[in-house]
Amino acid sequence: MASVLDPLVGSCITKLQEIIAEKAVLILGVKEELKKLQGTMKQIRCFLDDAEQRRIEESAVNNWLSDLRDAMYDADDIVDSARFEGSKLLKDHPSSSSSRNSTACCGISFLSCFPVIQKRHEIAVKIRDLNDRVEQLSKHGNSFLHPGVGPTGQGSTSKGRENSNLVQPKLVGKEIMHSSKKLVDLVLAGKEQKDYRLAIVGTGGVGKTTLAQKIYNDQKIKPVFEKQAWVCVSQECNEVNLLKEILRNIGVYQDQGETIAELQRKIAKTIEGKSFFLVLDDVWKSSVIDLIEAPIYVAASSVILVTTRDDRIAMDIHAAHTHRVNLMSEEVGWELLWKSMSIIEEKEVQNLRNMGIEIIKKCGYLPLAIKVIARVLTSKDQTENEWKKILSKISAWSESKLHDDIGGALYLSYNELPHHLKQCFLYCALYPEDSTIERDDLVRLWVAEGFIEEQEGQLLEETGEEYYYELIYRNLLQPDGSTFDHTSCKMHDLLRQLACYLSRDECFSGDPESLEAQSMTKLRRISAVTKKDMLVFPTMDKENLKLRTLLGKFYGVSQGVDHSLFKKLLLLRVLDLTGSSIQTIPDCIANLIHLRLLNLDGTEISCLPESIGSLINLQILNLQRCDALHSLPSTITRLCNLRRLGLEDTPINQVPEGIGRLTFLNDLEGFPIGAGSASGKTQDGWKLEELGHLLQLRRLDMIKLERATTCTDSLLIDKKYLTILNLCCTKHPVESYSEDDVGNIEKIFEQLIPPHNLEDLSIADLFGRRFPTWLGTTHLVSVKYLKLIDWNSCVHLPPLWQLPNLKYLRIDGAAAVTKIGPEFVGCCREGNPRSTVAVAFPKLETLIIRDMPNWEEWSFVEEGDAAAASMEGEEDGSAEIRKGEAPSPRLQVLPCLKTLELLDCPKLRALPRQLGQEATCLELLALRGASSLKVVEDLPFLSEALWIVDCKGLERVSNLNKLKELRLSRCPELTCVEGLGSLQQLWLDDGMQDISSKWVPGLQEQHLKLHGDDLDIYTWPRG
């Protein structure tokens, strides 16, 4: 495809430019041939735009592009080989590089010269043959294609998308609200039957899955069913994987090689005698019901909800109710269009309404198509002429030879992407349908494939993240709302279908053993999904295997890997064996000279061969969660292009000296600090000073910091790319640390001064009694996320209020803290007059404080500022709470706070009074295990939910006028709940029926008076 070819051709041209100037090419004697190849490629690149526009309709153009693609991949491989072999010869015979005579072997014996000449000849022949192929393609293209001005790209990439811009408009119309409520009621009623089935039917992209998710996550549903499972069935899903996915959803471990019958028995055993709710999303065959019919029969009651495009499926499964999702109305579609363009008011585009309605019609009234085309319109001028052009293009592509299920609007949204984003989008087709895509994993794959264009002053990974967020912004990837900063996402099945269709000639997802040898010769990327215990490939000559990417999808169940793969797949750039049961890596891995990414996360390997040091192109080495791996080979420090080394949760205790030589490292996860003892070529961990030369570090996770002996103040502060830093000590297994240990760790942390550009900081298991001074200053101006975990020796918390960009704060496990006072929010008199304080925690959105067993008091202002002394005599304890809590007129506290969670703080007596006055954005308050808390009141801005669990001393909840949802469990002393005028839902566990009878009638009466209907009250069994 031309969409992939433009950046591939451009990359080859750039690589040729670089290698032509290298000494390694001089020793090979191929400089002139490479210059000729580069020139031809530049000519070909001018034809690509015309070819891209014509490839769908003209098979001759598509065939030419296919041949050109193969040639470009071969060119990329040859450039790699030339660089590798040239560098090796240069290293073996450095004196020869000084000679200008390309045919001489100066200073080399005849016997050692012979392999040099042979290798030079092999590479020269390959380049010469490739030159002939590319020149013929250029002449052929020139005969029927129209040259343009060269690569211009299409669309634009918006840098630095703010996360707020990535949030999609919440358009939940009356129809979907009504449908959801109706179907939830049917599911709840169906629970009373032994076996109840219902179906949601509609065309692709109309919103079936969205509606099903709304039902599945409805708060009325979750407490009622003892077991729930959501499974995306899709066309690719096989029987074994479907059963495994059900088991994974209900929390059951699966063994390797289990049969269908064994998996069915496991499901039956788990749900026997229980209520079970199962959603089967995107069903294409009714036979999936036959597969699960026997195991779910033993459930006390089962409800199955199916989504499908086919009405016949609903009939075949004997659905008691079928709900059809209708297409959007013009009015709702128009509203979705302009809101998806980030337009605040309709009047901004009111003059384009008629044209917008026509675009909606061409989108088939489908929400997905409307949203993706809205982002295309956003990048254009808001004029009638521009919108007419888009309408015309949608119409043209809709009438073309595209696959029937792919609408013109979806294809146009792809076609308008810049070239570099097109290949990144298509790559996502390798992920199975409905699978979660992690941002960092995806970006690493893009880097390894060479998809990321270099930007001055930026690491490739930073640019890759911009690509990721751009695809989300364009609605081509759907962010997972449960992760901060949308660090994970999914791909809609229709968009995945589009990506699969466009990349069908070079990408395959499924069992590679099912492929014919002929089709394997064209494939470049495989996502291997197999039901067998061993991953194998069809028998064929290794010369015909051109695979660049192999992703093993093992679905949490170990499968073996045939070692012959390491001998056959010699052109691999990406090898991902995550979760496989492979135990050893053969020495022949050294032959994979093109390899950029090797992922062995969660495998059973116990060692790596020394030959791995030959992989000089390797950029990413993932060794996380390898429980049997305790040492790294000495040759790992030869991986001169390594960008990431992942060791998290792997018990590494022997490493080679010299990691500082890997100067391209920017991601170092699980860096073990050593005590300085060495054994032969290895040592028991790295010294801190070895980090000094790693100036490109972007992420750094250090463990065993208690073993550090020396450190300098400048170790981290000069690392201008460092944005993520995790510092971790080891929990002492038995006795406490000595005074010398405490003094040493406090000194080490004091010297680990992060750079100003740090955004994400986590400190765990610090056993010092004081925090580093840099943590309580304005030094960390860029920090957005801060986690302080198990600081059990620190008596006070640092004054974090000064961090200007902090959005997320988690304090977990500070056993020595008894009071959080004014210093925490910058309202302390000494050395910090309040007149200088404007806002405390100005951008904090989420605050989580948990596992604080001795924390008793939380206050915002000093006791001397008390203005509520008259309340001291109150008997219910609230006076003690309010004492000293008068708000300062000069101080704003937590103005952006949305979520506050206080968990397992049994001695906390009260919430700060000022919290209710200042936290004007508060949406969710969660309290658990706060046994000493007596009242929760006067939070006028708390707008969404209050969850209270296991607060045994709680007596009153009142004056929460905006609150919509209240959940209560294990609050036996709660005798008063009042002043909740906006309450819509009340949730009670079944153990609170008696105590709640004292105040539920009052809430019901108030709701009826204010809203004219009954308050929704739900109960669930106490767990």
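Each residue, glycine too, has its Cβ placed from N, Cα and C.
What TrEMBL says about this protein:
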- 9-90: domain 'Disease resistance N-terminal' (DOMAIN)
- 141-163: region 'Disordered' (REGION)
- 154-163: compositional bias 'Polar residues' (COMPBIAS)
- 191-339: domain 'NB-ARC' (DOMAIN)
- 430-499: domain 'Disease resistance protein winged helix' (DOMAIN)
- 567-850: domain 'Disease resistance R13L4/SHOC-2-like LRR' (DOMAIN)
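Against the domain 'Disease resistance R13L4/SHOC-2-like LRR' (567-850), the recorded stretches 9-90, 191-339, 430-499 differ in Cβ pairs under 8 Å, and the greatest number is found for 430-499. With DSSP classes pooled into helix, strand and coil, the tally for the domain 'NB-ARC' (191-339) is 58 helix, 36 strand, 55 coil. Remark: secondary structure over the domain 'Disease resistance N-terminal' (9-90) totals 72 helix, 0 strand, 10 coil, with classes taken from DSSP. The helix, strand and coil residue counts that DSSP assigns across the domain 'Disease resistance protein winged helix' (430-499) are 36 helix, 7 strand, 27 coil. For the domain 'Disease resistance protein winged helix' (430-499), the model gives a mean pLDDT of 91.
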